[in-house]
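Asker: Sharing the features that TrEMBL gives for it:
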- 147-466: domain 'NADH:quinone oxidoreductase/Mrp antiporter transmembrane' (DOMAIN)
- 6-25: transmembrane segment (TRANSMEM)
- 32-53: transmembrane segment (TRANSMEM)
- 101-123: transmembrane segment (TRANSMEM)
- 130-147: transmembrane segment (TRANSMEM)
- 185-210: transmembrane segment (TRANSMEM)
- 259-279: transmembrane segment (TRANSMEM)
- 300-318: transmembrane segment (TRANSMEM)
- 352-374: transmembrane segment (TRANSMEM)
- 380-401: transmembrane segment (TRANSMEM)
- 421-443: transmembrane segment (TRANSMEM)
- 455-475: transmembrane segment (TRANSMEM)
- 496-521: transmembrane segment (TRANSMEM)
Amino acid sequence: MLADLPILSLIAFSPLLGVLLLLFMPKDNGKWIKIIGIAATIIPLILAGWLYAEFNHQLGTMQFEENYRWISIDLSKELEQLSQFQQFTLNFNFNIAVDGLSLPMVFLTALVSTMAALASIYIKKRWKTYFILFLILEVGMFGVFMAQDVFLFFLFFEIALVPVFFLIGIWGYHNREKAANKFLIYNGIGSALMLIAFLILVTTAGFVVIQGGAVNSVHFSGSLQDITHNLFYNPDALIHTVSGPQNPNPFYLGKGIKWTIFSLLFVAFAIKLPIFPFHTWMLKVHSEAPPSIVMIHSGILLKMGAYGLIRFGVLLFPGEAKEWAYVIGLLGLINIIYGAILAFVQKDFKLVLAYSSISHMGIVLLGIAAFNVIGLQGAVFQMVSHGLISALMFLIVGSIYERTQTTQIDELGGLAKSMPFMSGILLIGGMASLGLPGLSGFISEFLAFLGLFDSMPIITIISTAGIILTAVYVLRGVLKITYGPMSEAYASIRDVRLMEAIPMITLVAFILLIGLFPAVLSEPLQATVVGFNDFIHTIAMKMGG
C-alpha cells in the first residue's frame, strides 16, 4: 500500500498536518497542543522506518524518486543578445529522492525530532507557537536530505534555519537573543555564499538544450542530474546537440569557475558544520537554546553542513576536492585537537559538550579527506553516531538543569545517589562519546582513521591524541557529576520522568544497535559509497587529480 504512495512527500510534509491542527487549537490548551505536536513527529518516524526497511541495499542509485515541474521563468528577452537561441527558461523541479547517503540522515532526522518533541516538556510558555515552529523546522530538515534540485535544497535549508532563530530567541536562556542573532548572522553569511555558488552552478553546469524543430530552446536547470551530466560528460560545458561545439554555453564553465564554486560551497558548509574558525556561533547556541532545540541542532542541523559538503562539494567537484584533501584533513585535525583541549578546560558541562561536537565533527572531515570507501563510510557513521550521542547528552543536561538550575561541573556531584537512572544513561552516553567498543562512537572513529591512515598517516596519528583527550574530559565530567560529594540541596531531587526516560532509552538503544550491529547502517550505505568512490576517482583521474 505505502509503495504506491509518494512516501518521501508524506515523510517530509506530514508534520504540516500537525501545524494545521495546531492553528485551530486554543493557545491555552497545553495538554492537547503537546499531544498533537508529539504525534505529528511520530508519523514521519513510522514512515521513515518503513522507508529504511524497503530500501534496496544492492542499488547505489537514487530510489523512491518524485519529480514534478515546480518553477519555470522565461528569460528569453534578458538573454537574447548572448546566444543564437530563441528561447531561454529557468527551470526548477520539485525533485526528491534518497540513496544510501541520505537515507540514514532522513531516519536520524525523524528519530531525533520525535525524541526532541518528547523532551519539549521543559518548554514553559507559548506551546502553540513553539510546536508550530518545531514542526516547520522538521519539514525543512527532511527536505534538505531529500532534495535533488539545488534551489530546492537551498529553500529547505532556509526553511530549517528560520524557525531555529525564533526557537532560540524566544525559548532560550538568559542570553538567548544574543545567541539567536549570532546564529542568524553566521548562517546568513553561509546561506548567501551557498546561494551565489548555486546561481553560478546553474548558469554554467545547468545549461541544457531542448531540440524543437526549427527553434532550439535552452533552459537553466537546478537538477542535480542535469548538472552532473554537464560537469562530467560535457566537461567543457558545451551544448550537447548535433550541431556540435559551435554553439557554446555563453556562461562558460572553466576551471577557474569550478574552483570559485567549490570554494564558495566549502566556506558556506564550513560555517554551518562548523569548521574552525567559524565555530563561535555554535557555542552560543548550545549554551542558550532550550534542550530540545540543542538536541535538534547538534543532532541534525550540524550534519546538514557535512551532508551538503559531501553531496554538493565533493561529489560535484571531485577534482577540486581531491586537491584540497590535505587541507580538509588538516582542518579536521584542528577541529579534533582544538575542540578536545577547549572541552577539557570548561567548567560548564554544556560547553564541554559544545566543544566536544566541534571535535567530533573533525572526524567527519577526516573521513571525507580520506577519499576512499572506508573513509566515506566513517564520515557517514560519525554523522549518524554523533547525532544520536549528542542528542542524548544534551537531553541529559537539560534534565539536570531542570532540577538543579545549574550545569557547572563543580556545583554538581553525587547525583548517582538521587538520580541513579539518569546517571547510568549519562555514563553510557559518555562511553559512546569517547568511542568505547560496542557503542556507535567506536566504529565511526575506527573507520574514519583507518580510511585516512593510508594517505595521511601523520595527520591520523596526531588526531588520535584528540581521542585520548576526549576520554579525559568525558570521564572527568561524567564522574564529577555522578559521584563524589553531593550537595544537600540535591538530596531530594527526583530521577527522570517517563517522558524523559523514553527518549533516553530509545537513543541508547540505537547507539547500542549501531555499535553491536553496524551492518544496519553499512548495508544501505555500502553500494552508494562504493559508487561514489569509483565515480570520484574516475573523474579525478580524467581531470589529472
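Each residue, glycine too, has its Cβ placed from N, Cα and C.
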Asker: Counting only residues 6+ away from its ends, which parts of the chain sit with a Cβ under 8 Å from the transmembrane segment (130-147)?
Answerer: 8, 11-13, 15-16, 18-19, 22-23, 33-34, 36-37, 40-41, 44, 95-98, 102, 105-106, 109-110, 113, 116-117, 120, 123, 153, 155-161, 163-164, 166-167, 170-171, 292, 296, 300-301, 304, 307-308
Asker: Which residues of the chain, 6 or more past the ends of the transmembrane segment (300-318), have a CB below 8 A from one of its CBs?
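Answerer: Same-chain residues near the transmembrane segment (300-318) but 6 or more away: 101-102, 105, 108-109, 112-113, 141, 144-145, 150, 153, 157, 160-161, 164, 194, 201, 205, 227-228, 231, 258, 261-262, 265-266, 268-274, 282, 357, 361, 364, 368, 376, 379, 383, 386-387, 532, 535-537, 539-540, 543, 545.
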Asker: Please work out whether the transmembrane segment (101-123) lies in contact with the transmembrane segment (259-279), by counting C-beta pairs under 8 angstroms that are 6 or more apart in sequence and asking whether there are at least 3.
Answerer: no
Asker: Please determine whether the transmembrane segment (259-279) and the transmembrane segment (185-210) are in contact (criterion: at least three Cβ-Cβ distances under 8 Å, sequence separation 6 or more).
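Answerer: They do touch: at least three Cβ pairs between the two stretches lie under 8 Å.
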